[in-house]
Amino acid sequence: MACRSGCCCGSGPINEDNARFLLLALFIVIYLLCGAAVFSALEHPKEREAKERWAQRFEHFSQKYNLSKKDLNNFLRNYEEANVAGIRVDAIRPRWDFTGAFYFVGTVVSTIGFGMTTPATVGGKVFLMFYGLLGCAATILFFNLFLERVITVIAFVLKSCYERRRNKAVLPQNGRQVSDGGGAGGELAGWKPSVYCVMLILGAAAILVSCCASLMYSAAEGWGYLDSLYFCFVAFSTIGFGDMVSSQRVAYEGHATAAYRLGNFFFILTGVCCIYSLFNVISIVIKQVLNWLLRRLEGPCRCCFPRRGHHRHPRRNVVAPGHLRARRDPSIETDAINESETDTGRRLSGEMISMRDFLAANKVNLAIMQKQLSEMAVGNQRQSSSSSRQNGFSGGVGALGIMNNRLAETSVDR
């Protein structure tokens, strides 16, 4: 129901960025509530059974060996302290030799944090705070640069396939191909792959790496294949519960301990990079869905969600109903031409950043970050759309910020 008198929110129109933020916060809260309900229904009965089973075993053990419950509890507390220090019932590799420490710092800088090894000394805890600050920042930068290069390769491959398919589609006349006047090279200069194609390719790569790694973990660790897949997702997504940790035995069968640990390092590094890249692309798709929901909400309540002026171009990569997207043909023209087109000619095909933009990303990321931090320090507002178009990037730093800018997901006027 549209608002006729005053604003239904009571505080005037909501900025688009704030509306998107509130909508995302609401989605996350609902998502958390749904997840809590599902996990509670699945895991809570198992927890009750485990508690009852442990109480029976505790009572039986104390009666069998004539031990008081107080003494037995004190002994179990001592074991818990030893467990934190890395002491286990089964023989495991040393935690704090050089190789064990290297494994530990790898879980720190990658933010996995399995938790099976933690510093126990005051000096180790203090050093970890400073070491993790720089290491985590450098690793996140590495993941961003990895994402840029992966999407550059994907864009190159998809562009080559598109160009080959386009050349085959041209019908020959009298032994010569029909030319459309502009030349394929010039028209394909600004071609960009669809964000959905990139998401599909990254998802397939993450699944392939996880499946191959699960085969290795099942054979080496003795885990079930489903448990190995579970470990791969927990480790590659840097969740790192610590209930299952790879490469913890002193030695493995077949005298292939060194090869297995090298393979473990390779799969964890590759898997984390793939999952991180996939998360970034999925976040762009989520943002598109939020933009589409905001457009749907503009009709019922125009005072809360201000309607965009007709001079604005529609945003790229908009998630719209299929019958609306089918009426517009994807454009493969350059960005300079698209900036001067009308609304009907605006590109809505879900295109991403072009290859030359990604190649230039590394040179401008640091300058953009310094510029944004300087503006935030002095309290200046973000520059207008003309200055944003000059540097070519706005709405974030790093690979995700670059893609967001090229997808025109920010509220800056174009």
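Any Cβ shown, glycine's included, is placed from N, Cα and C.
Annotated features, as they stand in TrEMBL:
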TRANSMEM  21-42  transmembrane segment
DOMAIN    93-150  domain 'Potassium channel'
TRANSMEM  101-122  transmembrane segment
TRANSMEM  128-158  transmembrane segment
TRANSMEM  195-217  transmembrane segment
DOMAIN    206-287  domain 'Potassium channel'
TRANSMEM  223-241  transmembrane segment
TRANSMEM  262-286  transmembrane segment
REGION    378-399  region 'Disordered'
COMPBIAS  379-392  compositional bias 'Low complexity'
Helix, strand and coil residues within the domain 'Potassium channel' (93-150) as assigned by DSSP: 41 helix, 0 strand, 17 coil
For the domain 'Potassium channel' (206-287), residues assigned helix / strand / coil by DSSP: 62 helix, 0 strand, 20 coil
Other parts of the chain folded back onto the transmembrane segment (21-42), taken as Cβ under 8 Å at six or more residues beyond its ends: 14, 286, 290, 293-294
Mean of pLDDT values spanning the domain 'Potassium channel' (206-287): 91
